[in-house]
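Taking it in order: structure first as structure tokens, then the write-up.
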Amino acid sequence: MKAYKKEFINFMIECGVLTFGDFVTKSGRKTPFFVNTGNYQTGSQLRRLGEFYAEAIKENFADDYDVLFGPAYKGIPLSVTTSIALSSSFDIDVRYCSNRKEVKDHGDTGILLGSKLNDGDKVLIVEDVTTAGTSIYETMPILKSQADVNVKGLIISVDRMERGQGEQSALTEIREKFGFKTCAIVTMAEVIEYLYNKEINGTILITDEVKGRIDEYYKQYGAK
């Protein structure tokens, strides 16, 4: 496992983003782990988060993109901090934009924030966590309505590796439906591999008991 992936897992734990216990997802699934990206709340945390996204983007997409698109609302700060990190860490100066949930009828009108989209632009979508892929199905018509863009891919922070609308994971469904690359900074398989029986700040987060519950969860909800 790449060093930045291990650092990112530690970072999520430090920020209280990745936790283990008893939770219920929006879809009603009882889950033994939870990824709450709303817990990235400070400037230094957002800076580091952008650096992790930039590292994963460099590995998976090199510099084959013109624009980072962050779907509203959580994707907005992600596209901003990631574009800054790409510039500062890799000298890649990329544009960013996001959509408005509500179209303005005064001042800077239109549905987009940040850069405008042009025909032929290579767009990389930056998201937080995709469980069912709903935001991507909403994003694609928005992008295509603005210009004849070429969507190069989607990157998220954590692939939960759960079934989406069918038997496959949401990322696999999106990749097959739209024909572009999908990837994550880390997968839950990598998280489990790294944390299983490993002491972090004096605590073992994934004990044998927790690992057993995670295994049972994936038997029921894991992607094929």
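In case you wondered, yes, glycine gets a Cβ from its N, Cα and C as well.
The number of other Cβ atoms within 10 Å of the Cβ belonging to T134 (5-phospho-alpha-D-ribose 1-diphosphate binding site), over all protein chains shown, comes to 14. In the three-state DSSP assignment, the secondary structure recorded for T134 (5-phospho-alpha-D-ribose 1-diphosphate binding site) is helix. Residues or ranges marked as 5-phospho-alpha-D-ribose 1-diphosphate binding site by Swiss-Prot on the basis of sequence analysis: K26, 73-74, 100-101, K104, H106, 127-135.
Per Swiss-Prot, the feature orotate binding site maps to T131, R160.
Between K101 (5-phospho-alpha-D-ribose 1-diphosphate binding site) and R160 (orotate binding site), the C-alpha separation comes to 26 Å. R160 (orotate binding site) and D128 (5-phospho-alpha-D-ribose 1-diphosphate binding site) are 11 Å apart (CA-CA, integer value). Here R160 (orotate binding site) is positioned 15 angstrom away from T134 (5-phospho-alpha-D-ribose 1-diphosphate binding site), judged by their C-alpha atoms.
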